[in-house]
Amino acid sequence: MKTLAQILAFLQQRQLLESQQLAQLMVELGDLTPEAMCLHDLTNDSRQVTAGAIFIALQGVQSHALDYLTKALHQGVRLILSDRALTPAEQQACQAQKALVIVIASLAAHQAYLAAEFFDHPSRQLKVIGITGTNGKTSTAFYCAQLLQALGQRVAMIGTLGYGLLDDLQKGMNTTPDVLQVQRLLARFVAVQADFVVMEVSSHAIELGRIAHLHFTTLALTQVTSDHLDFHGTQQAYEAAKIKLFRDYVAEHKVVNLNDHIGQGLVNRCHPHCLHGQDCQFWGYALQGHHSHIEPQPKEWLSLCLLSAYDLQLSPQGVRFTLRHAAQTFTLEVPLLGAFNAENLLCALSCVLANHFAQDAVLAAMSQIRSVAGRMQIVHRQPTVVVDFAHTADALEKLLQALSQHQQDSSLMVLFGCGGDRDQQKRPLMAQVAERYADKVFITSDNPRYEDPQQIIEQIVAGLQKPAEAQIEIDRRSAIRSALEQLSVTENAVLVIAGKGHEDYQEIAAQRFPFSDAAVVQEWFAEQAETIGK
């Protein structure tokens, strides 16, 4: 909460409030003093306006926030900051509701710092760990949060899995929310006495300034491959956004993947930019054989702490590897699938160790690690059923390759579909991947949206060399149950259900119906157990 006097002082300090506007405000206030007017919230979304709030009215992609002025006034807005002058009708509406207006042409450029100031710079009161990368950031963030919680810390998250305390995540629209919501969330985490916030930082967030004026304790990089070229335009621009996070933002620790070319470049080039007059410690992690050419230069670097993994073994139970750190070696075994998860774990371990937790305690906490919902998630063992979010040909190939390594003596079944109103070119490609790696292919619906699910399936089937050998069932629930029935009578087999992962709905036309792949699996096995028990 802030008083109007505090907001006016901030605007004057940054030379955003003209004396003429200030004089007009004093007239409109009448007998009410700026010190007596309390402002309880700050938002740029008219739907989130509450009584006594400040409404940031900016030009959007398709409309201006003032188009929703009537709604904001009805909900009790007290102060409107706009990047354009109001029309006579808008001014009249504000006067009728006794809402004050300040016009600031450069408002968009200043809203990030205004938000940080309004919410009392909450990131300075927390330990914020920011994790970026094309692949692995969601899993890494989740593992990091789990480790911190196992170490007795109160942990909140912002990312793909939701926003909130680790055990009470609420769904969000974006991986990284807009700058006002980020500051509001962090203030909420301060209020509930969180110790750490583990935050996924998307390339969009970096470029759009959603993380401006955040103080990070730790920044970490997973892997950088091709993505979001529709937004960035080129791969070079996308990679530059990732580099920008490490070059331009202050953090006490910076953790990079030495198996990744961007991570290697950060170690070689960006350390001088790390300092900004403050101590900064670089951490690097790598799988065996990929970091030997990276050597720290003592005259230029404060330090490079290294975690490396070797002797990686994949089994149906998970991953096992030897960890080397600080001239010591340890054998770790965790119930996660995929060699890439060894890298994700190394990154999470580096982030936690960098924050001065005892090594023995951190390694002991590894026993509590569990997989991310819908990401190589084992939802049943004996027989093994895996649910994963893979919904592109590349992701499906990596998924099936990884499972083939874990289940070398098992036959592999895969069930998938393709979303409607999305990339149609990937449909036959996904079929080709499924047929190449799986012994049995089930094709069904995903989220058909406004497309005919039968036509989607026909486009998928077009990629099969032996379409007669695939089993096709439009209804996803029926398809999963059919696949489970075949799994139950197939010796030493594994079923992969791909495409929807953690989603708890199926989108058909304009509606989202409750639906969960994992829930259907658990329901089927519960029925079988009940039948056996009778």
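Cβ coordinates are placed from backbone N, Cα and C, and glycine is handled just like the others.
Annotations in TrEMBL come from automatic prediction, not curation.
Marked as domain 'Mur ligase central' by TrEMBL: 131-351. The ATP binding site annotation in TrEMBL covers Gly133, Thr134, Asn135, Gly136, Lys137, Thr138, Ser139. The N6-carboxylysine annotation in TrEMBL covers Lys242. According to TrEMBL, the feature domain 'Mur ligase C-terminal' maps to 374-501. For Arg422, Asp446, Asn447, Pro448, Arg449, Gly499, Glu503, the entry in TrEMBL reads meso-2,6-diaminopimelate binding site. Under the heading motif 'Meso-diaminopimelate recognition motif', TrEMBL lists 446-449.
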Cα distance (Å, whole number) from Thr138 (ATP binding site) to Asn447 (meso-2,6-diaminopimelate binding site): 22
Top Cα neighbour of Arg422 (meso-2,6-diaminopimelate binding site) in the set of binding-site residues Thr134, Lys137, Thr138, Ser139: Thr134
Asn135 (ATP binding site) - helix vs strand vs coil (DSSP): strand
Chain residues outside the motif 'Meso-diaminopimelate recognition motif' (446-449) and at least six past its termini with a C-beta under 8 angstroms from it: 391, 416-422, 456, 476, 499-500, 503, 506-509
Number of Cβ atoms other than its own within 10 Å, given for Gly136 (ATP binding site): 23
Pairwise Cα distance for Glu503 (meso-2,6-diaminopimelate binding site)/Thr138 (ATP binding site) [Å, integer]: 15
Fewest other C-beta atoms within 10 angstroms, as judged across Gly133, Pro448, Gly499, which are the binding-site residues: Pro448
Minimum Cα separation from Lys137 (ATP binding site), reported as the residue among binding-site residues Asp446, Pro448, Gly499 that achieves it: Gly499
Cα distance (Å, whole number) from Thr134 (ATP binding site) to Pro448 (meso-2,6-diaminopimelate binding site): 26
Inter-residue Cα distance where the pair is Asp446 (meso-2,6-diaminopimelate binding site) and Lys242 (N6-carboxylysine), in Å: 32
Rounded distance in angstrom between the Cα atoms of Gly136 (ATP binding site) and Gly499 (meso-2,6-diaminopimelate binding site): 17
Lys137, Lys242, Arg422, Arg449 as recorded positions, winner by CB count within 10 A: Lys137
Mean per-residue pLDDT computed across the domain 'Mur ligase C-terminal' (374-501): 94
Long-range Cβ environment of Thr138 (ATP binding site), under 8 Å and at least 6 residues apart: Gly159, Thr160, Leu161, Glu200, Val372, Arg375
Top Cα neighbour of Thr134 (ATP binding site) in the set of binding-site residues Asp446, Arg449, Gly499: Gly499
